[in-house]
Ligand code: ASP
Ligand code: MG
């Protein structure tokens with residue numbers, strides 16, 4: 001008997017009708033004989049609304065109370081879905097994260113799962129119950145409710161799948177799978193049959209919103225086969241697994257992009273051993289998250305250091321650097337806003353030289369100026385002007401022929 005964890009996101013349970021639709025789908029899976037855990041998000045935009053309520057009371061809500069508040073969103077969904085299942089004659093029972101045995105660290109608002117005591121869940125599964133579990137939440141050792149960070153219900157689903165040894169984890173959402181790039185921006189975007197954990201992890205971290213990065217990390221570490229599919233249309237989704245056998249010859253599998261990137265340049269820093277550690281410890285102690293870093297020496301005694309941050313941390317960054325101007329001994333501070341990061345991702349890059357060259361040529365041919373570059377084994381990111389972002393993605397989508405299905409060639413290779 002297959003043991004399956006299904007997860008339905010906020011849009012998929014956004015109204016009573018949609019909850020009834022989910023109940024139909026769960027009923028069918030239960031009738032087909034699977035053991036089922038169903039993880040759900042809060043209905044529609046209700047988490048945002050709860051955040052709004054807190055902000056109406058205070059600008060700085062207590063983190064503990066915030067978790068207490070936000071966790072109620074998912075509780076609404078688990079009880080309603082369970083009622084809908086009971087109405088259909090399915091033996092279902094709902095659990096909060098804590099009741100499901102999800103133990104987390106005490107970091108309110110962004111807690112990591114430490115451990116899952118799955119005994120209750122496995123007993124109930126073996127007794128033939130369908131378990132409906134609230135996503136995005138857990139409890140600390142002393143019983144305080146925590147949440148796992150926005151979008152964290154994916155992580156709950158994958159973590160439970162690992163804990164109960166599920167055969168697979170199915171993430172149902174408002175898109176039909178993982179695409180070569182965001183179909184809302186690029187018409188030619190194509191749904192992929194499969195991607196590897198590492199590729200998905202890069203794409204999720206680079207801003208492809210389909211899956212929470214921590215969920216992918218969990219799936220990779222515990223080798224949980226993941227599937228992403230639509231909760232509305234009956235269509236095969238995308239598999240995320242270790243070995244991707246379909247379209248093996250796709251060197252670049254996807255293009256991720258995000259805007260709101262800002263480039264900061266600290267110019268005229270002393271060319272000394274302690275410059276880099278000083279600069280970046282000031283940034284980190286002020287909570288500034290830095291992405292790409294570039295250093296260049298322009299004369300014997302001086303270097304310029306540029307780095308990228310998200311637009312929202314610009315104020316903080318400028319303030320803390322200006323304050324440390326004497327300590328750091330720099331001459332000027334510049335920044336450039338309204339930039340975007342466009343990244344090509346694919347495990348095939350490791351063994352194929354020339355991928356970056358193709359990328360740069362394609363962008364240059366279309367007069368898209370690259371302001372910063374960073375690479376890893378399986379990705380190349382370029383920072384460009386925000387106005388060029390969508391064009392850059394389209395150009396690269398064409399350059400790497402991502403709209404073509406590479407199945408036949410893949411079949412010939414094996
Ligand atoms: N309801 C939470 C959020 O909106 C968690 C989730 O949906 O995954 O972020
Ligand atoms: Mg989500």
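Here the Cβ of each residue, glycine as well, is placed from N, Cα and C on the backbone.
Annotated features, as they stand in TrEMBL:
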type: BINDING; residues: 7, 8, 9, 10, 173, 174, 184; note: ATP binding site
type: BINDING; residues: 47, 74; note: substrate binding site
type: DOMAIN; residues: 344-414; note: domain 'ACT'
Check: Which of 74, 174 has the fewest nearby Cβ atoms, counting only those within 10 Å, among these binding-site residues?
Finding: 174
Margin query: Can you give me the same-chain residues 6 or more apart in sequence from residue 10 (ATP binding site) with a CB-CB distance under 8 Å?
Written below: 41, 42, 43, 44, 45, 46, 47
Next item on the list: Give me the non-local Cβ neighbours of residue 8 (ATP binding site): same chain, 6+ apart in sequence, Cβ-Cβ under 8 Å, ordered along the sequence.
Entry: 22, 38, 39, 40, 41, 172, 173, 231
Check: Taking the Cβ of residue 9 (ATP binding site) as the centre, how many other Cβ atoms fall within a 10 Å radius?
Finding: 24
Check: Among 7, 9, 74, 184, the binding-site residues in the record, which have a C-beta under 6 A from ligand 2?
Finding: 9
Notebook entry, point to check: For residue 9 (ATP binding site), what is the secondary structure state per DSSP, taken as helix, strand or coil?
Noted result: coil
Next item on the list: Calculate the distance in Å between the alpha carbons (Cα) of residue 74 (substrate binding site) and residue 9 (ATP binding site), and round it to a whole number.
Entry: 10
Check: CB neighbours of residue 47 (substrate binding site) within 10 A?
Finding: 23
Next item on the list: Indicate whether residue 173 (ATP binding site) is helix, strand or coil by DSSP.
Entry: strand
Check: If you check the binding-site residues 7, 10, 47, 174, 184 one by one, which have a CB less than 6 Å away from any atom of ligand 1?
Finding: 10, 47
